[in-house]
Amino acid sequence: MATRRLPAVTQTDGSRTATESGVPEYEDQIRSYRNDQRRRHIWAGRGRRLLSIMPGVSSSERTLEMQMNPEVQLQRSMNHRAEAVPAEVLYRTFHGSVNHRVYSHRSEERMMVVNGSQVDRSFIQESSFEVLSRTGIEFIHIGVMLVRIQILHRKFAGTMALIVFRDTRWSDDRAVLAAMEIDLSEGNQIVYVLPDIMMTIKSFYRHIQICVMTKGYDGWQGEDNLLITRGLTGRLSNTSNVGFAYDVKAMVEHLQSNGVKAIKGEKWDAKRFHNGQWNIEPSKVVVPMQPTEMKAVSNYDGTTSLRFSNYAAASTSKPPQYNEKDEEINEDEQEINHSLNLILNDEESTDEDEEYYQYQRYAWSQVGDSTFYYDTDGVWEEIDRCNDLPEYVPSETSTPTIDESEAIIDEFLEHAYEQRCDSDESLQSGDPRKYEYPTPQSSPEHLDNESRSRSSSASSTSMQDDVEEIVRLMKEMRMKKQKKKKAQQALSSQAQEEPIIEENIEENKQAQEEPTQEEIPTHKENQPEEIQNEEIHVFEEEPAFKHLAAQLSELVNMAESSGQSGVGFQPPVNAQPDVNMEGPAGYAPATSQATWSNGVNIPVKSANFRWKGPVGNFQLPSAQGKDGAMLVFGMNYSPEVFDRWASITRNYISSFNFNDGGDKIAWMEDLLGETERKIFVSWRMRFKDEYQNLAKIANQDGGTQAILSQIRRIFLGEDPVLGQNTVQNIAFRKLKQLVCPNYQSIRRYLMDYLTLAAETGLMWSETEGPAISEELFTKMPAAIGERVAQAYKIMDPTSAVNLPSRVYFTINYLTEQCKEASYMRSLKALDFCRDFPIEGYYGRSGEKKKYTARKATKYTGKAHDNHIRVTKAKYQRKCKCYICGQEGHYANQCRNKHKDQQRVAILQSLDLKENEEVVSADDKEEEDDEIFSVLGEEDYQEETIMVLEEDDIQQIIKEFSKFGDLSRRNVGPNFPGPAEVQMGVLKPKSSWRRPIQATLEEINCHHNWTAISTGQLACRSCKQFLAGVQCHHCHAVYCFMCAEAYHDVQAEKILSKDYSFSARGKKGKAVIIEEDEIEGEFLISQLQQENQRLQKQVERLQEELMKLHREKDEALKHSEKASRVFSTIQESDEAELNLIKEELRQFKEETRMAIAQLKEAIIVQEEDTIEERCAMILEEKHTENIYSATAKAEYNGLYNVKVGIKPDNMEPYYINAIVDTGATACLIQISAIPENYYEDAKVTVNFRSVLGIGTSTQMIKAGRILIGEQYFRMPVTYVMNMGLSPGIQMIIGCSFIRSLEGGLRIEKDIITFYKLVTSIETSRTTQVANSIEELELSEDEYLNIAASVETPSFLDQEFARKNKDLLKEMKEMKYIGENPMEFWKNNKIKCKLNIINPDIKIMGRPIKHVTPGDEEAMTRQINLLLQMKVIRPSESKHRSTAFIVRSGTEIDPITGKEKKGKERMVFNYKLLNENTESDQYSLPGINTIISKVGRSKIYSKFDLKSGFWQVAMEEESVPWTAFLAGNKLYEWLVMPFGLKNAPAIFQRKMDNVFKGTEKFIAVYIDDILVFSETAEQHSQHLYTMLQLCKENGLILSPTKMKIGTPEIDFLGASLGCTKIKLQPHIISKICDFSDEKLATPEGMRSWLGILSYARNYIQDIGKLVQPLRQKMAPTGDKRMNPETWKMVRQIKEKVKNLPDLQLPPKDSFIIIETDGCMTGWGAVCKWKMSKHDPRSTERICAYASGSFNPIKSTIDAEIQAAIHGLDKFKIYYLDKKELIIRSDCEAIIKFYNKTNENKPSRVRWLTFSDFLTGLGITVTFEHIDGKHNGLADALSRMINFIVEKNDESPYRFTSSVEDALKVCNDDHGRNLISAVINDIITVLRR
């Protein structure tokens, strides 16, 4: 037996083993600080620094991360315990162990944490808190915390966990100390946290918690799945300085490793949870609290109520324990029941520590079922007591000698920095060695030396000092050990004389339960030396102990399990993850899981079933109190009985106060019936602990509900308030099975359905709620259910979840049906009608039948199907039934089942007299006067336009009154009047409320709410006179509930800024009266002012009357003179009158002669036309001319349409689409739409087609789609890579057609959608990509036109004189020259071809026949291109065709004359363009540019030298540009002309170059225009432009620039002096275009393209060219007839005489005149300086026109003309505040000036109204009378004449002119018409 000295260790409660989930095994240790261990840690560091300077030894710094090696700890945790950082490493040495202690904690707990759940735990347990409280220390410092997670299932299961360390003292995200997401694939992980926090012990226990959540446990059906280990090292202190010695740079250090691998199975990864989101719920850890304040209240019955407050954390006290002598055991003397899991990890630990750890191993062996020993690595390891504990061999002494101590010190100095593997080898060597544990002491010198050593450097001087210090300290230690040796020897000798006591198992157990003083180590400071040196008895345990302990543990578990209550008190829990049961008492909804089922089918024969009503007629007996009731179930043992009793009891008990919870439960116990009370009392006696828990919270908030819930669980086994849903699931199953089979049970079915739905708790659920509401109708009998559902949808179309509303509506609907049935039954016999004559009854003529009988006129003895014989009723003749063919009865008496149903339908709809009958008509009827024919009536509906007159205003007021009272209080200055009311729908926030109708002004109003008191005004929604709010702007009135529901107005906010209702009280009416008085005074003042004005006017008229009297008197005086003068005047007037009549007669005669000549000319012209047509047929021949190689639109024979994709809050994006009724869904090419327009689809969709199977994972975002001129809801459109034909980018399939819920009609190229009655025009060719829409030109056509005119350079002399330096610098710069490749290296944008199918080989057809001239020209062009290094020889597999054309014009540099037939080399890239994705970058609007630059004063224009060649080709795209020229193949190094994406790429480049200079630089492809107001500004702007060109490598053409000119030609227009006109070369191109070219489709298309430049200068140009454009259609007539040539000549004549247009100034007023007919529309934009200026000052600035296909009605044409005109002229009026629109359509004027409600065609008016509203400016409409619109009317008739092609057109034109002459009464109109007639005659003669 050996005797040892024990260290000073204070141990607390022993370890506790978890017997069930959620009960942790925990260990704590509170001990003194080991100063010697700190010294060894410091010495080891100094030794390492000393070794680092020695030669041959590598320098290495040992950090805290190295000491906490995560790889080793994670692998060690599979066999031993993972270790944390020793306290002696984290903290510095302190004097006085009373104020400082080291605290270590370790606990393990198994738990089940699955998806949707969150587990919160305090970091330490309640028992640990009690131990810390008994130490008397105030503060704790948290040094390091660790959490280890071990999974309790297979590895690689694809699971993940979240660990959150948090401080719940914070209420926001600052509560999170650290968090880590852990992948559990390898099985276990460790998380270390160093928070460096100091707090009180109470705060530490209450607020430092961990939160655990998991993912990937879907389908987990086991119990516990995780084992959580927690460890802590901290310092307890009563001072503010805890000596934390580690520099924490980061709050959390997460050290992870791969862990241990196992046998491979099917691996699941956790990648699907990466970047996921964790939702942390509030902590649910319950910490015992105790009050600190009390308040006493005396009750009315003499009792006293006590109320406690200001609760704080409380340490619960355990019941006292007694020993064998019946003496109470002090807690401070109890044996420790749990130990520390965080042990020093110091590989340099000396043998002196082994004595302490040997003692620890023995001490723990006496405590619990397991033993812990400290191995050579410093790890606590748990081993089995009887098998793994080494046998103790007693020795005489365990204290080493002085020589041994010196040897140890020398060994330490020599091997101070050994590797960790040496320690591992010593671990395997056998039993640990035994050394004396020295008494820890500290001195100031040691602390000072320690401080010096920590701050010393690595120099040689400091190292020498360290060595001296180490030697001195070791000498001190050697002297101390010599003094202790003698005391140890004396203790050993005394221990040898005492016998060894062998103890049995019971004695061991008793020793464990009642530890003696000899077995409990205490602090050295408080014990004498002889007690510290007491004996330690070590014995070997008996082998049977383990078996007996297991049996004893099993018995204890059985006893504990039998003592648990199956209906114990439970707090509310979340039965479902998405159901929150916190707050007031709730009701958990049902789940979708299956509940119990009967499982047995009982045969039903003749059982007497009864209907169970939703409300039982049971009554509970009185409790003989005021209002209480007794709970007696009786025969009605159902939850309804308990719910009723609970409601009564809850209200009854709310008026009483109780001293404690026990009294409250006892009082409620007396409310139970006899049997029920016995049941409850037996439960209370059996489960006392649960009853005590219930009593603790019974008198708190929610205590009454807790008692009721417990009683319900006792009697019914569940409670929905606690989140349990057994009853709800049963009700949900019954609800799904409930069906109403017949009409008689509808009322009871409704009650059952409502009751069961309420019991499920899912009535208002977002998932199940809509289905429950809709199934109410579907489970009713089919006929009545569908009708009720349709009626409810009409009444409330938006409410998706509101079952009570549907039940109430169904009851009212069926009640009305019963009333109607009763009424119809009472009117079954109408015999009384003969005694009551009525007005307005004119017989049966108004009740038209579908068929009528007319006397047959073509009956020849052969009876047809429509022939009948009508005879008198009761005619005594043999007759044949009309509907069955049998003889002997009439049709109305026929009972034959085999009837002709067609004849039955005819007979029912046949209009006959009362005494007539119908019989069959046979062949060869003798009395043919009775034979009649049945005629059917065609239904038609004539569209009318209804305009509300003044008489309809009262009806509008009546209709509007149901949405709100139109009292003077509600109608304010901003409220629309009766004729202006426009209604809309105001939707509530909640889905169960109905939307209400409100004015558009109220919906769009920015409300300013003010509170009003009760009884003042009625609410707009509920019509109640309640307290609410009123808006100052729109005067809308709502109660507080409706205001919150419809306008999100909070009552608290309104009341906080308004005075209270009690303060207003009686002032409400006074306010109204005061406002009435103010308004009355205002009216009186207005009347007085008007009266004064009238009085002044009367005085002025009286003065004028007096003046007239005076003049009359003077006139009478000169009467004689006047008579003489009068005769002379009369003669002269008669002569002048005769002269005027003669002139008028001559004018009419000339007009008649002109008309006659016109008729003759028309007849002659028609004869010439016939001859020309014959000649064209006889002399027709084939000619072939090549003008250009422009790619035409691809003909595919499909329904092509251009659509706009417009997601919400985004601009529309236009693409080409086809309407395909054979496609199932809508698809779009992924390369045709920007990425931000589509999103990831919820599911992956597979599509099957003839090309194979395709997959889509993206879809277009929600929004709208623009088809034609109508927006539709965006259908579900999937985005994928499709192999579509060239030009097609989208397929509109049946999913869009089905979503319309209407019809679809296809007629030729017109598609009509019947939901919104929208017609769109399609084409059989694809839309040309990147076409210039304003000019209707392709890019190549535009470039050809622009290149055909040589623009000579121009330099203004005055500008050159002022800017001589700038021009000199321009000449010296090389970026103005002939070489476009000069600065090619500065090119920042390259041309890359996005090829659709890279496998396609481009094989252009070579030219077979080449003339020598073309071959020579091509060789010359190729050599020039090779010299410029823009092309190179190619070896590409692709091949396009190049050829020479001679078109366009050029200027001879010698003669200066224009030379036609300029040779150009053209490349046919048609096949390449078809295989290239389109670039959707749009070109800027020409009209927008012109309107922006037109008002400037000085211009400069530049063209790029071969602009496209200044863009380099991507190297990978170069082979695709290969072309065949002659017999050789070449490829482009620059972007060539002819690529369809070239203009878009070049425009993007130019926009990027000149970005930010839009205010003075306009760019359109390669044209650059600089515009300024002054010459000084222009110089600065030119310098900026030239610098940008130099930076980006742009080369300007020296021969095509104009600088400093006041007029400029740009984009086909001549600008200058605020005027705009068509360029002369455009006019010459249009007028000089040869007829031979016009006769070909290519020539006509080119001519129409050039004519597009003039569309803004010619009125109604769209109507004129419509017949010509029809010839360009694939199915149009390509031949030119005389009418066509007339139109061409007329257009050329108009182009020659184009007027100059004048751009409006900035402050001008804009007027737009519009006109529309069935085939087209036209608009004119005018301006004047002020709105009130006369019309004579108006100037024209633009024209616009277009055609309609298909034709439109008159009203639609006028509306569309106004809409198109406003759209075309936006650039002129968007910056204005007001606008005038003139139209000759009176219906539009009345519509806009009155209202657009109740129109027969709502779509047209709503579209028109929406367009005007969206302008954002004030629009005023004016009507143009016919007498002021003579020219427009004549032009319209002329256009109609040109378009018409029938034989009656000349005569109708003549009559039109005559009608125009009749309406024009003034000279101006007659002159205009005469001029028009002369022009027409001139055209016809040509």
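Using N, Cα and C of the backbone, Cβ positions are placed for all residues, glycine too.
Taken straight from Swiss-Prot:
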type	residues	note
BINDING	Asp1715, Asp1833	Mg(2+) 2 binding site
BINDING	Asp1715, Glu1758, Asp1784	Mg(2+) 1 binding site
DOMAIN	1425-1615	domain 'Reverse transcriptase'
REGION	1-24	region 'Disordered'
REGION	420-466	region 'Disordered'
REGION	478-529	region 'Disordered'
ZN_FING	879-896	zinc finger
Look up Glu1758 (Mg(2+) 1 binding site) in the DSSP assignment and report helix, strand or coil.
helix
For the zinc finger (879-896), what is the mean per-residue pLDDT, to the nearest integer?
82
From the centroid of the CB atoms of Asp1715, Glu1758, Asp1784, the recorded Mg(2+) 1 site, which same-chain residues not already listed sit within 8 A by their CB, in sequence order?
Thr1714, Gly1716, Ala1757, Ala1761, Ser1783, Cys1785, Ile1824
Let's see if you can do this one: DSSP helix, strand and coil counts over the zinc finger (879-896), in that order.
3 helix, 3 strand, 12 coil
To the nearest whole angstrom, state the Cα distance for the pair Asp1715 (Mg(2+) 2 binding site) and Glu1758 (Mg(2+) 1 binding site).
6
Cβ neighbours within the same chain of Glu1758 (Mg(2+) 1 binding site) - under 8 Å, at least six residues apart:
Thr1714, Asp1715, Gly1716, Ser1783, Cys1785, Ala1787, Ile1788
Neighbour-count leader, CB within 10 A, binding-site residues: Asp1715, Asp1784:
Asp1715
Three states by DSSP: which one describes Asp1784 (Mg(2+) 1 binding site)?
coil
